[in-house]
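Here is the structure we will look at.
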């Protein structure tokens, strides 16, 4: 019984960690594509609802574990250790909890970068904006924040203050994208070995050495766990706001 609970919590928290990254990727893309809507309806309540949605999906994905684990111990207990032994769940769970979110993250991240580059080009090519940005050319110009996109969609700001705000937002957005890019890269590097090996354990049962596969899974799963521990370090290392918050 304890094995079913242990594996359920393991799958739940790992899936929730992955789904949160996927939600962040989607949220950033929506903020860039539709800044007016996102800025108007972005609130603590909306953020809370997004978090609830992530946890609901995570619970839904992991719930089969206690359902079949409490009924049949052989599906969660093998050779004296707690081990998920249901091949169907391993395959389906790996795709739903990792490969599908990974695909969404990769696509939305590159679409976000593309949109930011496009908006930055439009911002710099605008004659009025170009004049205001000339004295701030030392700042990166490859991205644009959703906040400034929202303001540009409503009205044109004038004066050097607006220029500073625009370029500061561009710089902040670029830094944010870099941090997210690093987080996503570490996510892939640290979780991909486990899920690939997890699928191999099911597909090549006859030809693969079970002891080797089992040993690899034990190592790779801990590397995956470290992914969540590394994220706060990445945020604090590359973002002053997070450094101040954790100080």
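Placed from the backbone N, Cα and C atoms, the Cβ positions cover glycine too.
Outside the transmembrane segment (2-26) by six or more residues, the chain places 50, 53-55, 57-59, 61-63, 65-66, 69-70, 73, 76-77, 82-84, 93, 97-98, 101, 104-105, 108-109, 112, 180, 183-184, 187, 191, 224-225, 227-228 with a CB less than 8 A from a CB of the stretch. Sequence annotations record features per position, and here Swiss-Prot assigns transmembrane segment to 2-26 (among others).
The topological domain 'Cytoplasmic' annotation in Swiss-Prot covers 27-46 (among others) and rests on similarity to another entry.
Taken from Swiss-Prot, the feature transmembrane segment applies to 47-70 (among others), supported by similarity to another entry.
Annotation comment: Swiss-Prot describes 71-87 (among others) as topological domain 'Extracellular', evidence class similarity to another entry. The residues of the topological domain 'Extracellular' (71-87), classed with DSSP into helix (H, G, I), strand (E, B) and coil, number 4 helix, 4 strand, 9 coil.
According to Swiss-Prot, the transmembrane segment annotation covers 88-113 (among others), on the basis of similarity to another entry.
Among the features that Swiss-Prot reports, topological domain 'Cytoplasmic' is placed at 114-177 (among others), with the record citing similarity to another entry.
Swiss-Prot lists 135 with the feature phosphoserine, giving similarity to another entry as the kind of evidence.
Taken from Swiss-Prot, the feature transmembrane segment applies to 178-203 (among others), supported by similarity to another entry.
Sequence annotations record features per position, and here Swiss-Prot assigns topological domain 'Extracellular' to 204-211 (among others). Summarised as a single figure, the pLDDT of the topological domain 'Extracellular' (204-211) averages 81.
Under the heading transmembrane segment, Swiss-Prot lists 212-237 (among others).
According to Swiss-Prot, the feature motif 'NPxxY motif' maps to 231-235, an assignment based on similarity to another entry.
Taken from Swiss-Prot, the feature topological domain 'Cytoplasmic' covers 238-247 (among others).
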Intrachain neighbours beyond the topological domain 'Extracellular' (71-87), with Cβ under 8 angstroms and 6 or more residues off its ends: 1-4, 6-7, 11, 65, 202
